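To keep things clear, I will list the structure first and then write my remarks on it.
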Amino acid sequence: MWKWLHSYADPERAYNLSGKLLPWFAMLATALVGIGSVWGLVFAPVDYQMGDSYRIIFIHVPAASMSMAAYMAMATSAFIGLVWQIKSADWAAAAIAPIGAVITLIALITGATWGKPMWGTWWVWDARLTAELVLLFLYLGIISLYASFEDKVLAARAAGILAIVGVINIPIIKYSVEWWSSLHQPSTIRITEKSAMPTEMLYPLLINILGFGMMIGAITLIRFRAEILARNGMRPWVRELAKAEGVK
Amino acid sequence: MKKGISFRQAFFTLLKRDLQIAIRHKGDIFNPLLFFILVVTLFPLGIGPEPQVLSRVAPGVIWVAALLASMLSLERLFKADFVDGSLEQMLLSPQPLPLMVLAKVLAHWILTGVPLILVAPLLAVLLHLDDNSYGALMATLALGTPVLSLLGAIGVALTVGLHKGGVLLSLLILPLYIPVLIFATSAIDASSLNLPYSGHLAIIGAMLVGSLILAPFAIGASLRVSTN
Amino acid sequence: MAEQQIAKTLLSANQLTCIREERILFDELSFEITAGEIVQIEGPNGSGKTSLLRILAGLSRPYAGEVYYQGEDITRNRDEYNDDLLYLGHLAGVKTELTAEENLNFNLRISGYDEFDTRGILAKVNLAGFEEALAGHLSAGQHRRTALARLWHTNCKIWLLDEPFTAIDKKGVEELEHIFLDHAKRGGCVILTTHQDMGIIGDDILRKISLEYRFV
Amino acid sequence: MQFDSLADFFNMGGYAFYVWLAYGVTFLSIGMLVTHSLRQKRKVLVGISQKIQREERLKENRSTK
């Protein structure tokens with residue numbers, strides 16, 4: 001009768017596998033972000049237009065690009081969880097959401113600290129900044145919806161539907177915001193990072209983008225493991241762990 | 001005891017019931033409308049009575065107020081049905097769920113969206129909206145408010161089983177409202193400059209068609225989660 | 001013989017597991033319900049009776065396991081299953097703003113029936129004279145009868161009833177028991193939860209599925 | 001090496017405040033996220049072990065009744 005409790009292979013295996021992967025991700029993330037940031041801060045040449053303030057892009061651009069990538073990863077695993085009812089996919093999505101929100105917040109703040117010396121103002125209603133702000137709201141909506149449900153199986157399904165609705169809407173929001181800012185914005189203010197970048201600047205940037213990706217992977221694994229434990233509290237193997245670690 | 005109700009009949013049965021209930025419960029119609037009017041009248045008090053300033057911000061003010069009023073009234077869309085068990089019966093009826101959901105959203109739009117559209121020109125007068133813009137205002141509201149109802153209903157369906165509704169609901173659906181707001185207000189702006197705005201209307205129309213097709217499925221799936 | 005049994009099985013639960021708030025309500029619960037059976041789900045408060053009923057109705061998704069209707073997974077052919085299912089929960093969708101007649105009329109039409117005599121049905125549940133009364137003004141028992149009136153006009157095979165006797169008087173309970181027996185005789189099945197003892201449906205006819213309160 | 005001295009490096013060509021603010025906020029918030037995530041596991045396990053104890057008390061109660 002208690003057979004299914006012992007056929008715990010699935011979550012336990014996911015827990016152990018992510019435990020094995022975690023050190024690799026953590027090591028790679030630390031190394032890449034360390035190299036990229038030091039290279040960017042110390043060795044990369046000065047930009048002749050923006051001076052040293054441009055060194056912010058070595059974290060701003062990775063954060064901005066990863067904020068969207070993290071959303072896509074979250075929505076994909078939410079979709080897998082909804083359609084094929086794979087519970088570890090739901091847990092992975094729940095693990096990614098707060099990380100994505102923090103990364104998006106970092107992208108916004110670093111964007112503002114870059115904007116102040118460049119444009120003389122902390123915030124402009126630039127299309128990219130606005131779209132990033134909306135993305136932050138989407139993340140916050142998903143996180144608080146997930147937190148609002150007592151039953152986390154339902155919470156994952158509800159947040160998953162919202163994440164998928166968000167995926168359909170992100171391109172529409174992005175397009176409309178871009179179109180809107182082209183209407184209202186005088187064309188003098190433009191982020192010109194697309195201009196050909198010398199390779200000495202490009203390498204640290206690419207390293208940092210990769211490093212941010214690894215870092216998100218590592219933190220996701222940490223949270224994923226905690227999520228597995230929290231959702232499987234009634235299984236014997238988790239109880240063993242709890243008895244070993246739990247305090248009196 | 002044969003079963004012979006067509007989808008169309010089922011749709012109108014539900015639509016009729018919802019309208020009937022609302023008519024016996026008039027507050028549901030008038031409260032959002034009153035909210036809409038009050039918010040709009042607050043703006044001249046906040047930014048000053050200069051006609052130039054007011055006519056500049058009028059499209060945005062009217063649309064933001066309409067958006068908030070729509071969201072506020074939506075909160076009750078499934079609540080009563082959830083509390084008295086009608087929602088479960090709807091989910092278990094042999095009729096297709098997206099169709100039932102569409103009937104409910106349509107009833108809600110007739111009760112709150114249409115009065116809002118009708119009262120908007122009066123508020124536009126108070127805000128000194130440009131004379132050329134009335135057509136655009138009405139057209140964008142007519143095409144845009146159903147989109148608001150459909151998108152908002154997804155958020156409502158997701159939160160109907162939760163105790164804390166309000167703030168969470170606005171966090172969920174206001175980001176989704178942004179495209180409608182942008183295209184509607186810029187259509188009105190364009191019309192005040194005597195520029196063509198049919199392109200804007202076409203985009204809002206496309207959003208309406210898209211949400212008419214996709215939203216009922218999302219709402220249905222959300223309701224199944226909420227009643228679990 | 002085996003074939004005959006398969007043909008008679010209406011509803012079957014396969015290894016159902018239900019977990020609420022990290023607590024197991026029941027696990028690996030399997031049973032089959034054949035045509036003509038009246039089944040009572042019993043157990044103390046919090047043992048998962050309502051949860052089981054809602055899973056059988058397809059309202060809740062079990063943590064694991066499936067429910068089959070005539071051999072087919074109910075999540076696969078939901079519309080067909082809903083066509084043969086009559087579920088009445090604690091609150092059975094009676095609108096307080098509508099009259100008893102309007103409520104019944106709506107509920108029957110949305111279930112797909114287009115020809116019926118609402119007044120006649122209401123008379124059968126002792127609501128003659130209350131047709132025009134708003135459901136909000138009816139007593140608890142009358143309110144409940146408005147919902148139960150659907151049982152008198154239905155060709156659904158499977159009845160899932162959560163506490164159908166709440167607020168119903170003794171005579172009403174007897175009438176309900178009679179209609180359950182008739183329904184079972186016609187080849188349907190009734191699955192209900194109740195804390196009340198039934199007078200007419202004896203233990204020889206009634207089948208019981210027991211759930212117990214679990215700690216883990 | 002783009003900077004002549006350590007002071008020069010910290011000065012960031014006059015943009016010190018903005019550059020170090022950006023980097024500071026980034027690494028601080030990531031650090032907080034990581035520590036929060038690491039603590040989560042322990043919190044979950046402690047919660048589960050408390051629940052086990054609660055259940056055992058409940059069982060004892062029932063069996064002595």
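A Cβ is built for glycine as well, from the same backbone N, Cα and C atoms used for every other residue.
Feature annotation from TrEMBL assigns domain 'Cytochrome c assembly protein' to A:17-184.
Sequence-distant contacts of the transmembrane segment (A:21-44) (same chain, at least 6 residues past either end, Cβ-Cβ under 8 Å): 55, 58-59, 62, 200-201, 203-205, 207-208, 210-212, 214-215, 217-218, 221-222, 225. Marked as transmembrane segment by TrEMBL: A:21-44 (among others).
Per TrEMBL, the feature transmembrane segment maps to A:56-84 (among others). Beyond its flanks by at least six residues, the transmembrane segment (A:56-84) meets 36-37, 40-41, 44, 90, 92-93, 96-97, 99-100, 103-104, 106-107, 110-111, 113-114, 128, 132, 135, 138-139, 142, 156-157, 159-161, 163-164, 166-167, 170, 193, 204-205, 208-209, 211-213, 216 of its own chain at Cβ-Cβ distances under 8 Å.
Annotated transmembrane segment per TrEMBL: A:91-115 (among others), in sequence order.
Look at TrEMBL and you will find A:127-147 (among others) tagged as transmembrane segment. For the transmembrane segment (A:127-147), the residues of the chain that approach it from at least six positions outside its boundaries are 64, 67-68, 71, 74, 94, 97-98, 100-101, 104-105, 107-108, 111, 115, 155-156, 158-159, 162-163, 166, 170, 173-174, 177-178, 180-182, 185, 191, judged by C-beta separation under 8 angstroms.
Positions annotated as transmembrane segment by TrEMBL: A:154-173 (among others). Long-range contacts of the transmembrane segment (A:154-173) within its own chain (CB-CB distance under 8 A, at least 6 residues past either end) are made by residues 68, 71-72, 74-75, 78-79, 81-82, 87, 90-91, 93-94, 97, 131, 134-135, 138, 141-143, 145-148.
For A:202-224 (among others), the entry in TrEMBL reads transmembrane segment.
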